[in-house]
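Note sheet for the following structure.
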Amino acid sequence: MDLNSASTVVLQVLTQATSQDTAVLKPAEEQLKQWETQPGFYSVLLNIFTNHTLDINVRWLAVLYFKHGIDRYWRRVAPHALSEEEKTTLRAGLITNFNEPINQIATQIAVLIAKVARLDCPRQWPELIPTLIESVKVQDDLRQHRALLTFYHVTKTLASKRLAADRKLFYDLASGIYNFACSLWNHHTDTFLQEVSSGNEAAILSSLERTLLSLKVLRKLTVNGFVEPHKNMEVMGFLHGIFERLKQFLECSRSIGTDNVCRDRLEKTIILFTKVLLDFLDQHPFSFTPLIQRSLEFSVSYVFTEVGEGVTFERFIVQCMNLIKMIVKNYAYKPSKNFEDSSPETLEAHKIKMAFFTYPTLTEICRRLVSHYFLLTEEELTMWEEDPEGFTVEETGGDSWKYSLRPCTEVLFIDIFHEYNQTLTPVLLEMMQTLQGPTNVEDMNALLIKDAVYNAVGLAAYELFDSVDFDQWFKNQLLPELQVIHNRYKPLRRRVIWLIGQWISVKFKSDLRPMLYEAICNLLQDQDLVVRIETATTLKLTVDDFEFRTDQFLPYLETMFTLLFQLLQQVTECDTKMHVLHVLSCVIERVNMQIRPYVGCLVQYLPLLWKQSEEHNMLRCAILTTLIHLVQGLGADSKNLYPFLLPVIQLSTDVSQPPHVYLLEDGLELWLVTLENSPCITPELLRIFQNMSPLLELSSENLRTCFKIINGYIFLSSTEFLQTYAVGLCQSFCELLKEITTEGQVQVLKVVENALKVNPILGPQMFQPILPYVFKGIIEGERYPVVMSTYLGVMGRVLLQNTSFFSSLLNEMAHKFNQEMDQLLGNMIEMWVDRMDNITQPERRKLSALALLSLLPSDNSVIQDKFCGIINISVEGLHDVMTEDPETGTYKDCMLMSHLEEPKVTEDEEPPTEQDKRKKMLALKDPVHTVSLQQFIYEKLKAQQEMLGEQGFQSLMETVDTEIVTQLQEFLQGF
C-alpha cells in the first residue's frame with residue numbers, strides 16, 4: 001500500500017463507515033475487512049488517527065481497527081501476520097508524540113500501545129519504558145498526562161502476564177523503575193495538596209488526575225512486581241506512607257465538598273489507596289504483617305470512632321471494613337490447634353491481632369456495628385414505603401459485601417463474632433436482655449434498635465447455639481411480637497419472621513412447627529408487602545429444613561398455597577416473582593402428590609405469566625423450575641397441562657431460538673419429567689422430539705439429559721417412536737460415536753441396549769448401522785472395560801432375542817473381515833469368554849450366560865469347540881444369581897420376577913412415576929427376569945445330550961474343568 005495514495009482512499013472508506021446509512025456503511029465495512037491483511041494498512045491507520053485535523057469519529061474508528069489488528073495479526077505465528085519492518089515503523093510512530101487532545105481517543109491509544117507492549121516489550125521494544133519515563137517528566141501538561149496514562153496501561157498489562165518468564169521480566173522492570181514511580185507519585189501528590197489551598201478547581205483537577213494515574217502505576221508495581229516485597233525498603237516505605245497520605249486526602253474532603261467537580265476524582269483516589277492495601281494483603285499476607293497494627297488502628301478509628309465524622313463516605317467505610325475483615329479472617333494468620341505446628345510468620349501475625357483486639361476494642365466494635373450500622377436508615381425506610389419490592393431485592397447476597405455498606409457490615413459482624421465468640425457472646429446476650437417484652441410503637445428509635453439487635457442474633461445463630469434457649473424465646477417473646485399488628489411495628493414483624501428463618505435449621509423444636517405455620521399463615525395476610533415477602537422466604541427455609549415433616553404441614557397447606565399464589569399475583573417486579581415462584585416450587589416439591597387439589601389456580605396463571613415474561617428469561621427459568629415440580633406432583637394428571645407444557649418445552653429446547661441459551665437446561669429437565677410422568681404418548685409429545693437432533697450435535701454438558709429423554713421415549717412408545725425417529729437418531733449416534741468420550745460412548749450404547757430390550761424385533765433393524773461397530777469392537781477386544789461391557793450387553797440382546805438378525809449380522813461381518821462365519825463366531829465367543837470379567841452388573845452377566853447358551857444345542861464344531869467357555873460363563877452366572885433357600889437347601893434364581901406387586905411407599909420416598917411402572921412391566925417380559933438360568937442350562941444341556949448321544953455328550957463335558965462340572969452339578973440338583 002503506497003501511503004500517500006492509500007491514505008486518501010482509506011480515509012474516504014473510514015468516513016463512509018461512520019455513516020448512519022446502512023447502504024453506505026455495509027460496503028465500507030466489507031472493504032475495511034478486506035484491507036485488514038494488506039501490508040501498509042496499519043501504517044495508514046496510524047497516520048489517520050494521529051492527524052488531529054480530521055473528524056473525531058473517523059479517527060476513533062481508525063484507532064479501533066488498529067486495536068483489533070493487533071489482536072489478530074501482530075503475533076508472528078498469526079495468519080497474515082504483519083511484517084517485522086512494518087511493526088518496527090508502527091512501534092516508533094506510536095510513541096513519537098503523546099499529544100492526543102481527545103480523552104477517549106487518548107485512552108484507546110494507550111490501550112493499544114499496552115497491547116503491543118504485552119507481545120513485544122521488552123525484547124522487541126526496549127525503548128518503550130525509557131521513552132515513557134522521559135515523557136512523564138516533560139512540562140507540557142497534555143503530553144505529561146498522556147504519557148502517564150500510557151505508562152499506567154502498559155504497567156497494568158505487563159503486570160497481568162502469568163507465565164514464569166514474563167513474571168521474571170516484570171520483576172526486573174518493577175525493581176528498575178520503582179524509585180522513579182514513587183518519586184513521581186510523591187511529586188504529583190504534593191502538587192495536588194498545594195493546589196487545594198489555592199482553590200483553583202482546574203489546577204486541582206489536573207494535578208489530582210496525575211496523582212491518581214501515578215498511584216495506579218504504583219499499585220500494579222507494588223502488588224505484582226516483587227516476590228518478597230517486605231524485603232524492599234522503598235515498597236514498605238510507600239505502604240507505610242499510605243496511612244498519612246490517606247489522612248491528608250480525607251481532610252481535603254472537608255474543603256472539596258460533594259458538589260465540587262473534583263469530588264469524584266478525590267473519592268476515587270482515596271478508594272485507590274485502600275485498594276493498594278487490600279490487594280497487597282490478598283497477594284502477600286506475610287509481607288503485610290508489619291502493616292497489620294497500623295491498618296487496624298487506622299480503619300477502626302475512622303469507622304468506629306468520631307475521627308471519621310465529617311470526612312468519611314460510604315465506599316471508604318466499606319473498604320475499611322473489608323480491610324478489617326480480611327485481617328480477621330485471613331487463614332495465613334490463623335495458627336494450627338497445636339501452636340508448635342504453626343510457622344513463625346503466622347504466630348507473629350496472630351500475636352499482633354490478639355494484641356489489638358482487646359475486650360474493650362471488640363466490645364466497642366460489636367456495639368457500634370449493631371447500634372449504628374445495623375440501624376435501618378431514613379433512605380431505607382423511605383424505600384420500604386415507596387418501593388417495597390426494590391427494598392427486598394436490595395438485601396440480596398453474593399459479593400455485595402465487597403461494595404455495599406449493609407451487606408459489608410453484616411459480613412464483618414459474622415466474621416468477628418465467629419473469631420471472638422467467647423468474648424462477644426455475653427455482649428450480645430446483654431443487648432438481648434435489655435430488650436425483653438414489647439416495645440412502644442410510638443418510640444421509633446427503640447423499634448429500630450430492637451430490629452438491629454434481632455438482626456445480630458439472627459446472623460450469629462450458629463455461634464449462639466449453646467447460649468440461647470430459642471424455643472422458649474420463640475414462645476414467650478417472638479410469637480407475641482408477631483401478633484402486634486400496628487403499622488409502625490412492621491419492621492419488627494419482618495425482622496422476627498426473618499430471625500426465625502435464620503434459627504430454623506440451627507435450633508427449633510419440631511413440636512413448635514405448627515405454631516410457626518399458624519404465624520406464617522397470618523403474616524402472609526399482613527398489610528405490608530415487605531412483611532409478606534419476608535414471610536415467604538422463611539416459609540421456604542422451614543420447608544427446606546431437614547426436620548420438616550409433611551404431616552405437620554398438611555393442615556396448613558391449602559391456606560399457605562392460596563396465600564403464596566395471591567402474593568405471586570400481587571408482586572410486579574421480575575426478581576420478586578422469581579423469588580415467590582421458588583417458594584411455591586419448594587412447597588410443591590416437599591408435599592409432592594398432596595399438592596394436587598390446590599394447584600388449579602397456579603396452573604391457570606402460569607401461561608399468562610409465561611406470556612408476560614417474554615423479555616425476562618430468568619423469570620422464565622423460575623417458571624420452568626415450578627413446572628418441573630408441578631409435573632412431579634401431578635404425576636399422570638400432568639397430561640392435562642400439555643396444551644401449555646409442550647409449547648414451553650418446544651421453545652426452551654429449540655437451539656434455533658435465542659432464549660434457549662437461558663432456558664435449555666431447565667427445559668430439558670422439564671421435558672424429561674414430563675416423559676417420566678406421561679401415561680401415554682400423544683402426537684404433540686412425539687413431535688417435539690424434532691428438537692433433539694440439533695441438541696445432539698451440540699455435544700454439550702446436557703447430553704446425559706438428552707440420552708435420558710431418548711430412553712424416556714423408548715420406554716413410553718418404542719414402536720411409534722422408533723418408526724418415526726430411529727433413522728435420524730441412528731445417524732446422530734454414528735456421528736457422536738466418532739468424536740465422543742468413552743463415557744459418552746457408553747451412554748449412547750446404553751440407549752441402543754434399551755431399544756433392543758424394549759423392542760427386540762424392531763430395535764436391531766432400526767439401529768442396524770451401529771451394530772457392526774459394536775461387533776467389531778468385541779472382535780478387536782475393546783480395551784476399556786466399561787465400553788466392552790456395554791458392547792457385550794448390546795450383542796447379548798441381539799443374540800438372545802433376535803437370532804435371525806444375529807445370523808444376518810454375522811454374515812455381513814464375515815464378508816467385512818473376509819472370514820468364514822463359523823470362524824468369526826468362534827472368535828467372538830472366545831473374546832466374550834475372555835472378557836466376561838469386564839462385566840460387573842449382575843443383569844448383564846446373566847444376559848451373557850443366556851445369550852451364549854442360546855447357541856446350544858449345536859452340532860457346529862466351532863460352537864462345540866467353545867463349549868467349555870460357554871459352560872464356564874454359565875457357572876459364573878449361576879454364582880451371580882443363585883441364592884440358597886435356607887429352609888429347603890435348594891437354589892433359586894434371585895433375578896426372577898414372577899408377579900407385579902406395588903411396593904409400599906413410605907412418607908420419605910417418592911411414589912413411582914409412570915416410567916417406573918413401565919420399567920417394571922418391561923422387566924416382566926425380559927428374559928433376564930423371566931427365564932431361570934438354572935432351568936435354561938439344564939434344558940440346553942439335555943438338548944445337547946439328545947443331539948450328540950450319551951457318549952458324544954460325555955466327551956464334550958470332559959473338555960470342562962472338573963471343579964466347574966462339580967459346581968454345575970451342585971446347582972442343578974433336583975433336575
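Just so you know, glycine gets a Cβ as well, placed from its N, Cα and C.
Taken from Swiss-Prot, the feature domain 'Importin N-terminal' covers 28-100. The annotation N-acetylmethionine is assigned in Swiss-Prot to MET1. According to Swiss-Prot, the phosphoserine annotation covers SER343, on the basis of a large-scale study or a structure entry. For 123-160, the entry in Swiss-Prot reads repeat 'HEAT 1'. Per Swiss-Prot, repeat 'HEAT 2' is recorded for 209-248. The repeat 'HEAT 3' annotation in Swiss-Prot covers 318-356. Under the heading repeat 'HEAT 4', Swiss-Prot lists 422-459. Residues annotated as repeat 'HEAT 5' in Swiss-Prot: 473-509. For 511-548, the entry in Swiss-Prot reads repeat 'HEAT 6'. Look at Swiss-Prot and you will find 555-593 tagged as repeat 'HEAT 7'. The repeat 'HEAT 8' annotation in Swiss-Prot covers 600-636. Annotation comment: Swiss-Prot describes 640-677 as repeat 'HEAT 9'. The repeat 'HEAT 11' annotation in Swiss-Prot covers 743-764. Among the features that Swiss-Prot reports, repeat 'HEAT 12' is placed at 765-804. The annotation repeat 'HEAT 14' is assigned in Swiss-Prot to 850-887.
Long-range contacts of the repeat 'HEAT 1' (123-160) within the same chain, counting only residues at least 6 positions beyond its ends with a Cβ under 8 Å from a Cβ of the stretch, are 87, 91, 95, 97-101, 106-107, 109-111, 113-117, 166, 169-170, 173, 177, 180, 184, 206, 209-210, 213-214, 216-217, 220-221, 223-225. Summarising the environment of the residue listed as 'phosphoserine', the number of other Cβ atoms within 10 Å of its Cβ, over all protein chains shown, is 12. On the 0 to 100 pLDDT scale, the model's mean across the repeat 'HEAT 12' (765-804) is 94. Mapped onto three states, the DSSP output places SER343 (phosphoserine) in coil. Long-range Cβ contacts of the repeat 'HEAT 7' (555-593) within its own chain (Cβ-Cβ under 8 Å, at least 6 residues beyond either end) map to 389-390, 392-393, 514, 517-518, 520-521, 524-525, 529, 532-533, 536-537, 539-540, 543-544, 548, 599, 601-602, 605, 609, 613, 616, 618-619, 621-623, 625-626, 628-630, 632-635, 910-911. In terms of DSSP secondary structure, the repeat 'HEAT 11' (743-764) contains 19 helix, 0 strand, 3 coil.
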